[in-house]
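Peer 1: Here it is: the structure, laid out below.
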């Protein structure tokens with residue numbers, strides 16, 4: 001079988017003379033038309049530090065493709081900076097960008113009959129957007145992560161972007177002054193790379209490595225270290241080999257490999273967003289996966305890594321401690337990983353991990369010994385109850401108690417809630433409800449990092465619950481429950497909550513309950529009127545019409 005079986009449609013035969021004429025104008029010569037054409041989906045952007053260094057990686061991959069007798073074709077994909085748009089109307093476009101990225105990669109690769117694609121991304125939605133496209137197309141592909149930012153430093157402490165969000169709450173509660181607030185701002189982000197804790201970008205890159213769609217150790221490398229360039233070039237070489245062997249994404253992205261990814265997400269203390277994104281990736285790959293599968297995996301897998309946001313360390317520390325392969329080897333040895341899954345290199349997981357130690361080095365405490373986990377079970381709990389009959393996602397790290405019952409403080413937007421927090425109107429024991437922020441209602445399912453960070457900064461992280469039909473940043477921790485489904489915009493129970501109602505969040509019992517009589521709930525439901533859409537034109541209006549429930553991954557196809 002030829003290496004260019006797809007691109008032959010545009011390079012072979014007399015009838016393709018015009019096609020070849022165009023290709024000659026972008027660098028093809030007589031000897032190139034029998035070579036595989038490989039797309040380089042480059043997410044480079046100066047919008048965000050996450051994507052600032054991607055062009056160098058794309059150029060390294062491009063050169064390696066040429067040396068491997070392939071013809072690279074580079075094209076751009078967009079990015080949204082979650083950190084910069086956070087807390088604004090702009091954040092409504094973040095989850096939308098996942099679909100735009102997926103659609104743009106699919107469009108370019110399919111339109112140009114490419115034989116493979118190397119996708120290079122950095123900020124949060126780059127990863128799932130690329131993988132959704134890769135899974136849909138089933139064209140040989142590999143993902144290259146742009147790398148993590150190194151930690152900032154101030155007063156002897158490591159800083160991340162979440163430090164800056166939390167500093168806002170510390171400032172409004174008079175725990176720090178304006179000078180210290182400015183110093184945190186100046187030191188939190190020292191250079192290029194994605195946000196440094198086990199936030200969404202590092203969670204998804206780690207999961208892709210575990211799934212076999214990225215190279216070993218690549219997901220925890222620092223963006224500015226030389227090994228990142230080497231890894232990008234090596235990824236290109238591996239992809240060309242996969243094209244020749246016809247190793248396709250759906251050979252790799254299977255039910256078992258997704259379970260491997262979920263196991264690693266639990267073990268590293270990863271982001272709630274991984275639930276949403278893997279539901280969408282599984283859908284694209286035609287793999288059956290439900291929100292309940294995450295709860296099943298949670299009960300089996302301990303949290304092994306002491307990583308921010310609720311822990312002490314960042315992704316570069318994890319890299320030095322042994323990286324994702326060390327975590328995977330521990331899971332494999334205890335029957336929590338499928339070692340027979342194939343990877344993009346053609347090797348199985350078990351073969352890749354063969355020489356990795358069974359336990360982490362004793363001179364570090366980023367990765368715990370198996371018999372001394374941070375938590376004996378996973379941290380991402382799927383709750384259900386009358387407030388979320390389709391389910392919701394709770395992150396239960398960094399809290400003293402996994403249960404709270406308290407009066408509802410109800411807000412119909414993130415901005416209204418944030419104003420109340422900064423005005424010191426939220427009290428210990430309250431359960432904050434932020435609604436009409438779901439996939440359809442927002443639209444776009446904004447992340448509530450600003451409110452949760454402000455609560456933590458004010459010292460309320462352990463004593464206040466927060467539930468929303470929106471999302472949370474990977475930098476969020478505390479008694480937080482997101483992805484509540486059905487959402488308020490479609491008449492979910494969260495739309496019926498009133499100020500002062502009693503709400504119970506119980507992560508141990510996996511329960512999210514509005515504590516009012518059934519007849520009262522039925523009366524409120526009969527009275528509820530659907531709101532008018534917030535947008536009637538443009539991409540947000542289109543998205544609101546197409547997007548599914550969060551319980552299905554907020555998919556649009």
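Glycine residues also receive a Cβ, built from the backbone N, Cα and C atoms like all the rest.
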Peer 1: Per Swiss-Prot, which one of 82, 158, 412, 469 shares the Mg(2+) site with 124, 125, 447?
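Peer 2: Among 82, 158, 412, 469, only 82 appears alongside 124, 125, 447 as Mg(2+)-binding in Swiss-Prot.
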Peer 1: Need one residue: from 50, 189, the one Swiss-Prot lists with 123, 195 for [2Fe-2S] cluster.
Peer 2: 50
Peer 1: What kind of secondary structure is residue 82 (Mg(2+) binding site) part of, going by DSSP in three states?
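Peer 2: The three-state answer is helix.
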Peer 1: When you measure from the Cβ of residue 447 (Mg(2+) binding site), how many other Cβ atoms are you left with inside 10 Å?
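Peer 2: That number is 32.
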Peer 1: If you draw a 10 Å sphere around the Cβ of residue 124 (Mg(2+) binding site), how many other Cβ atoms fall inside it, taking every protein chain shown into account?
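Peer 2: Looking across every protein chain shown, the total is 33.
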Peer 1: Could you state the whole-number distance in Å separating the C-alpha atoms of residue 125 (Mg(2+) binding site) and residue 473 (active site, proton acceptor)?
Peer 2: 12
Peer 1: Compute the mean position of the Cβ atoms of 82, 124, 125, 447, which form the recorded Mg(2+) site, and then list in sequence order the other residues of that chain whose Cβ is within 8 Å of it.
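Peer 2: Near the Mg(2+) site, beyond 82, 124, 125, 447, sit 80, 94, 95, 123, 200, 273, 473.
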Peer 1: Looking at the recorded positions 82, 447, 473, which has the shortest Cα distance to residue 123 ([2Fe-2S] cluster binding site)?
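Peer 2: If we rank 82, 447, 473 by Cα distance to residue 123 ([2Fe-2S] cluster binding site), first place goes to 82.
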